[in-house]
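Quick look at what TrEMBL lists:
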TRANSMEM  49-71  transmembrane segment
TRANSMEM  83-102  transmembrane segment
TRANSMEM  267-291  transmembrane segment
TRANSMEM  297-320  transmembrane segment
BINDING   D360, K361, T362, E470, F512, K536, R565, T645, G646, D647, R727, K733, N756, D757  ATP binding site
BINDING   D360, T362, D753, D757  Mg(2+) binding site
DOMAIN    780-1007  domain 'P-type ATPase C-terminal'
TRANSMEM  814-834  transmembrane segment
TRANSMEM  840-862  transmembrane segment
TRANSMEM  892-912  transmembrane segment
TRANSMEM  918-939  transmembrane segment
TRANSMEM  946-966  transmembrane segment
TRANSMEM  972-998  transmembrane segment
Amino acid sequence: MIKKAELILYLHYPKTLWDFRPRTVWLGHPEKREQRYPRNVINNQKYNFFTFLPGVLFNQFKYFFNLYFLLLACSQFVNELRLGALYTYWVPLGIVLIITIMREAVEEIRCYCRDKEVNSQIYSKLSIRGKGLFNQRVPADMIFLRTSERNGSCFLRTDQLDGETDWKLRLPVACTQRLPTAADVLQIRSYVYAEEPNIDIHNFIGTFTREDGDPPVNESLSIENTLWASTVIASGTVVGVVIYTGKELRSVMNTSDPRHKVGLFDLEVNCLTKILFGALVVVSLVMVALQHFAGHWYLQIFRFLLLFSNIVPISLRVNLDMGKMVFSWMIRRDSKIPGTVVRASTIPEQLGRISYLLTDKTGTLTQNEMVFRRLHLGTVAYGMDSMDEVQSHVFSAYTQPSHDLPASRVPAATKVRKTISSRVHEAVKAIALVHCVTPAYEANCVTDQAEAEQHYEDTCRVYQAASPDEVSLVQWTESVGLTLVGRDQNSMQLRTPSGQILNFTILQIFPFTYESKRMGIIVRDESTGEMTFYMKGADVMMAGIVQYNDWLEEECGNMAREGLRVLVVSKKSLTEEQYQDFEARYVQAKLSVHDRSLKVATVIESLEMEMELLCLTGVEDQLQADVRPTLEILRNAGIKVWMLTGDKLETATCTAKNAHLVTRNQEIHIFNSVTTRGEAHLELNAFRRKHDCALVISGDSLEVCLKFYEYEFMELACQCPAVVCCRCAPTQKAQIVRLLQERTGKLTCAVGDGGNDVSMIQEADCGVGVEGKEGKQASLAADFSVTQFKHLGRLLMVHGRNSYKRSAGLSQFVIHRSLCISTMQAVFSSVFYFASVPLYQGFLIIGYSTIYTMFPVFSLVLDKDVKSEVAMLYPELYKDLLKGRPLSFKTFLIWVLISIYQGSIIMYGALLLFESEFVHIVAISFTSLILTELLMVALTIQTWHWLMIVAELLSLACYIASLVFLHEFIDVYFIATLSFLSKVTVITLVSCLPLYILKYLRRRFSPPNYSKLTT
């Protein structure tokens, strides 16, 4: 047994990382390898051991904010520029860097542990004992050599690759499948030639060669012979040879490297700090100009830059980073969204400004569990509550003496009106026959596989098919009494309610294709010799094939509006002469070299005329819990939802209707398939004439439109209330996200649960992974991980909204706190002849932004304007955040004016009221400043939390207690006088009372939206 990371014993990193070349892989002879290959590991880390510290420091100092403080701290090593102790500049910067490095280190360690868990999965290596893969995810890209299945093939699920959980048929190499045992693969002299690695998951070119054969064997290899990494083996044991690993895997090449995401909020704060820095330079130049540029004026400019450096607050970065950690902790601890994990704690406020939500379908919106809901015969319909009637009709058809010859076996010349019972029986029988489902038998604790297969054990049987729709239909026929118990390439066996086995010979199968939208089968009943052509397909194609009726179109529309996938089932009895004539023409058409597909389709269409309409079937792809209300919440919040899926167009459209992604009164425009520029132009013009309609487009058509008319298409698509993109490749999903970001400038959120969603998740501003049946790959690569789609509503409406509003309030208050003290410094320098002398020195300047005001200011991360229940009930509140109003130039300017007003009042008040000594100015102004900040926090808070009260009282107590130790800066005896208390009270009231009055008047006459909901 070996670990996934060690699956190939002779693999190493290539000399050149992207040197992709074709390769020849010898079976059992690793010494003959011609090149080195990458190790077979998954890596979601942003850094490694050597790049961690340089990478983190680079990401911090590439922004103006942190670079400014680094230069500021370094300037203190120059004696002419030093204004105080070194620790006053280096300690705050050091705290910021330590907190950032610790946070990044914790996230990297968590990511490393998750990757290690995945890379340590145990797989079997083929040896003389002959091990193989069974019901596991394939660990690397492989060529399929042999299987233990009797029919010589296997099914696999490609959910992590293309998002589809239906089963794909794969065939082993014929030469190795014929070998007696799996261990014999190592005894022959053979090799596989494989093309160079590429991102195409639907095609492969290679060859298999056996040199010791007589004559030598050469077989061509295609996609049918491959087992791509992360796909799941359905049943049996398979053996394969690895051809691609690590970064050369198809799944890895369809994903992008993890990137360091920076939130829009951080960029906006960075922009505000640049404005503050501009103000700092202007103030410094004004001060020097008022000195008439006397003496070493250039040194004075630098000294004033340092003196007013508080205008750009270094504590802003610390507070915001710690706030993000608190927001992330709140998300993880929310009992209403259990299991939610925050993997990127740097961007929680991004969740509060999402304009576009891009979601996967299978496993995200749906459970991918198909349930048969309705059987419609035209005059009568059977729902889930009346399936017992269907069961009784089927039972009577095979058990009552009068039905020894069921209606389907009555000679065609007999013209009698069919009873409901016979019509139901014919419909059920047709559904049980017209499919590509294969029953497989697995061993359990009681019965082994061979015995189960021989006796058709119900408890051991599983159904395998390329479509979950077909499995649900066959499971339904089993529930009503007609069971598919056996099938191979040439025959099919059904079991009746009485236990009788009905044998049918499969004469021809016409598989479902995207173009034909239907599938058919011709079978011969071995007991009667009758040949019947059964067909099922989409109503748009079947309407012109079946005999005239007046109910098909109406009932198909009714069932589609209920979100059901509708199939029309029909049949046609064939005579021996009709079939022989058809077979001759069909074989001739298949031998054609030119226009083969057209000739084959023409021959088949000659049969598809005047077929008898048997029934309609309605299958529902069950939605995840509360998907509809969640999508409604998102829509009411102003978020546009796009569904990007690898599934078929009809399936995607049905799910969009069923999930109410497209509302009942909205028109759906299905973008016709286009391959040329001219066709794309015509379709875009047709689409432009539609208004307020949802768009459904396939990946191929999307690629053509983006190639020739990228701007026009994106402009039209962004106006749609909803967009559905089907048959999307993983790279296409990421491309759509990138185009939305570039064209709209709005924030995007991508949600998915499969490996094919990783690129989209990593490209989006916020990536959310859903831990589901498709594994953990999307969850591990996402910024946030949830267990159910419905949790997304609370994640955005409550936590996203609170995180953004709290971050905006916190950042503006920290700026206000720094501007206040900077305004006081400016007033002080102006009064004292523009001297570059600090007003507060040493511990006072550090204590002001730490122990004296830090706790009350930081307690704003607990503030909220409305309760979480109200935010969920009124998602319209989320719309206000999409315009960025909580942190805008308007609100910034308001806080700047408040800071200038309060700083000026405090400083001028202290200068007017001080008595004799300068130290009294410091005592009065600093105490007033501390009290003003505490009162302003109280003024800003909208919902009090007990920790806020503790923070206010603790900060005030700390200041009072520290006065005993501040005798170097403050006259302790003076502050104990009544004169000091009265002057401080007057100054504080003048600085704060007008703002309290303005706040009351504003809430009285122009209340915000949220206040109307809380009263």
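Placed from the backbone N, Cα and C atoms, the Cβ positions cover glycine too.
Here the transmembrane segment (892-912) has long-range neighbours at 272, 275, 812-813, 815-816, 819-824, 826-828, 831, 921, 924-925, 928-929, 932, 936, 983, 986-987, 990-992, 995, meaning same-chain residues at least 6 beyond its ends whose C-beta is under 8 angstroms from one of its own. Note on the binding-site residues T362, N756: the fewest other CB atoms within 10 A surround the CB of T362. Stretch with the largest number of CB pairs closer than 8 A to the transmembrane segment (814-834), among 297-320, 840-862, 946-966, 972-998: 297-320. Between the CA atoms of G646 (ATP binding site) and D757 (Mg(2+) binding site) there is a gap of 10 Å, rounded to the nearest whole number. Only sequence-distant pairs (6 or more apart) were considered; of these, at least three Cβ pairs between the transmembrane segment (297-320) and the transmembrane segment (49-71) are under 8 A, so the stretches are in contact.
Take the CB of D360 (ATP binding site) and look out to 10 A: across all protein chains shown you find 30 other CB atoms. Counting Cβ pairs closer than 8 Å to the transmembrane segment (946-966), the top stretch among 49-71, 267-291, 840-862, 918-939, 972-998 is 840-862. Among the binding-site residues D360, T362, R565, the ones whose Cα sits within 10 Å of the Cα of D757 (Mg(2+) binding site) are D360. Taking the binding-site residues D753, D757 in turn and counting surrounding C-beta atoms within 10 angstroms, the largest count is reached at D757. The transmembrane segment (840-862) is in contact with the transmembrane segment (918-939), judged by 3+ CB-CB distances under 8 Å for residue pairs 6 or more apart in sequence. For F512 (ATP binding site), the Cβ neighbour count at a 10 Å cut-off comes to 20, with all displayed protein chains included.
Remote same-chain residues near the transmembrane segment (267-291) are listed as 63-65, 68, 297, 300-301, 304-305, 308-309, 311-312, 316, 320, 811, 815, 826, 829-830, 834, 836, 884, 887, 892 (criterion: CB distance under 8 Å, separation of at least six residues from the stretch ends).
For F512 (ATP binding site) paired with D753 (Mg(2+) binding site), the C-alpha to C-alpha distance reads 27 Å. Ranking the binding-site residues R565, R727 by the number of CB atoms within 10 A of their own CB puts R565 at the top. Here D753 (Mg(2+) binding site) is positioned 8 angstrom away from D360 (ATP binding site), judged by their C-alpha atoms.
If you measure from the Cα atom of T362 (ATP binding site) to that of D753 (Mg(2+) binding site), you get 8 Å.
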